[in-house]
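Colleague: Take a look at this one; I'll ask things after.
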Amino acid sequence: MTWQDDAGRDLVRSFGERMAMFVRGEGSYLWDAEGTRYLDFLAGIAVDSLGHAHPVFVEAIATQAATLAHVSNYFATPPQLALAAMLKRVAGTGDGGRVYFGNSGAEANEAAFKLARLHGGSDRPRILALTDAFHGRTMGTLALTGKPWMQEPFLPMTPGVEFIDSTIEALEAAIDDRVAALFIEPVKGEAGVLELPAGFLRAAREITERHGVLLIIDEIQTGAGRTGEWFAFQHEGITPDAITVAKGIGGGFPIGALITYGAASELFYPGTHGSTFGGNALGTAVAGAVVGEIERAGLVQNAAERGEQLRSAILGIDSALIGGVRGRGLLLGVALTHPIAKAVVAAAQEHGLVINAPNDETIRLVPALTIGDVEIDEFVALFTAALRTVEDALLLETPTEVPA
Ligand SMILES: *Cc1c(COP(=O)(O)O)cnc(C)c1O
């Protein structure tokens, strides 16, 4: 029996076939059971902010597990209060902000969806989200996710959500006083690292404010410093009504949060939402240590600088398969000139590089925020080799004219 047999028999089929089985990680490297080493530029989908087995992460889990793991939300704990204060500070909420803790991105967005309904009441039944944006796989967050093929097997959706294009004209046309909230994914990671048009976020803030609409920004993939600011909206100098975070905040520990600003912080009242595990001492201690280390080690700035370095390095690769690089900081999408992203991912794995393809024409790069020259140089060598492998295969498939 191989691990592939076990996985094929015992695990849910919704993920498709597992590409490898990893047994250990350290920094930006992973090892499989055969001892083969891989450079990890996926970092568990923008989750492992500090890389694998970072001493700060390990120490936080061990110490908190040996002190106090869980007491339920009938009680407060020091790590929970410390993380809430830290998130309010880096998100710039000021004193009026509040934090709701859940255990995943979807749970953070579910809380945001309920926040939108509390704000909307019966006067504002409409909720707007962007076509192609991804907000999660639960029934509520799927209703917010503008991808018909994902929704189709699970219809009917929770009503009230409408999808609009990511243009300022579409914002102007759609937003009125019947809208409760506008959800925005500031860089559409799952859709292929698509950026919003220039001025879009500022226009969204201005128009939502004018109509009393909550502006809710999904920072689940973009947050925790990944784009070179703590949160992507901060590049635009606006203040939202709420943001959702998860992935990189926990550095590998499952945790999510809804962070509210100003008046939106007063919408939930006792009994309107909850979670048994959410915000427990163990999870918040680990996330507190991860966020603290991102700050201490200057990793937000590192994401900005290494992101630019990585972008230039990729654009310097001599390959006809590279069409360009999208994204910001260490959330980059390499646009390919042919729909061969899956083949590039497979070839990369053969060469010892873990990357991923959110669609057929894009490679997504979301490495640990700790990467430096060594990882970037190694990435370029492995990625170049993978592209060569795919180019060679393409040449074989396309018979060239035989000279007479
Ligand atoms: C990953 C992601 C989610 C869902 O998070 P889960 O932890 O998988 O539930 C939601 N929104 C965005 C933008 C994401 O990238």
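Each Cβ is built from the backbone N, Cα and C atoms, and glycine gets one as well.
Owing to the predicted nature of the structure, the values given are computational and were not obtained by experimental measurement.
Below are the features listed in TrEMBL for this protein:
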| type | residues | note |
| --- | --- | --- |
| BINDING | GLY105, ALA106, PHE134, ASP218, GLU219, ILE220, GLN221, THR276 | pyridoxal 5'-phosphate binding site |
| BINDING | ARG137, SER275 | N(2)-acetyl-L-ornithine binding site |
| MOD_RES | LYS247 | N6-(pyridoxal phosphate)lysine |
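Tell me about the surroundings of these features in the structure.
Modeller: A 10 Å cutoff on Cβ-Cβ distances gives ALA106 (pyridoxal 5'-phosphate binding site) a total of 22 other Cβ atoms nearby, all chains included.
Take the CB of SER275 (N(2)-acetyl-L-ornithine binding site) and look out to 10 A: across all protein chains shown you find 17 other CB atoms.
Secondary structure from DSSP puts LYS247 (N6-(pyridoxal phosphate)lysine) in a helix. Note: LYS247 (N6-(pyridoxal phosphate)lysine) has non-local neighbours ILE45, ALA46, VAL47, GLY105, ILE220, GLN221, GLY223, ALA224, i.e. same-chain residues 6+ apart with C-beta under 8 A of its own C-beta.
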Colleague: Sort out the sequence-distant neighbours of ASP218 (pyridoxal 5'-phosphate binding site) for me: same chain, 6+ apart, CB within less than 8 Å of its CB, listed by position.
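Modeller: When sequence neighbours closer than 6 are ignored, ASP218 (pyridoxal 5'-phosphate binding site) has GLY105, ASN109, ALA112, ALA133, HIS135, PHE183, ILE184, GLU185, PRO186, ILE243, THR244 within Cβ distance under 8 Å.
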Colleague: Express the distance between the Cα positions of ARG137 (N(2)-acetyl-L-ornithine binding site) and ALA106 (pyridoxal 5'-phosphate binding site) as a whole number of Å.
Modeller: 7
Colleague: If you skip the near sequence neighbours and keep only those at least six away, which residues in the chain come within under 8 angstroms of PHE134 (pyridoxal 5'-phosphate binding site), Cβ to Cβ?
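Modeller: When sequence neighbours closer than 6 are ignored, PHE134 (pyridoxal 5'-phosphate binding site) has THR145, LYS147, GLU185, LYS188, GLY189, GLU190, ALA191 within Cβ distance under 8 Å.
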Colleague: Give the three-state DSSP assignment (helix, strand or coil) for ARG137 (N(2)-acetyl-L-ornithine binding site).
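Modeller: Looking at the DSSP assignment, ARG137 (N(2)-acetyl-L-ornithine binding site) belongs to neither helix nor strand, so coil.
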Colleague: What's the CA to CA span in angstrom from ALA106 (pyridoxal 5'-phosphate binding site) over to SER275 (N(2)-acetyl-L-ornithine binding site)?
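Modeller: It is 13 Å, counting Cα to Cα.
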Colleague: Can you grab the distance from SER275 (N(2)-acetyl-L-ornithine binding site) over to GLU219 (pyridoxal 5'-phosphate binding site)? Cα atoms, rounded to a whole Å.
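Modeller: Cα-Cα distance, SER275 (N(2)-acetyl-L-ornithine binding site) to GLU219 (pyridoxal 5'-phosphate binding site): 21 Å.
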Colleague: Around the Cβ of ARG137 (N(2)-acetyl-L-ornithine binding site), how many other Cβ atoms lie within 10 Å? Please give the count over every shown protein chain.
Modeller: 14
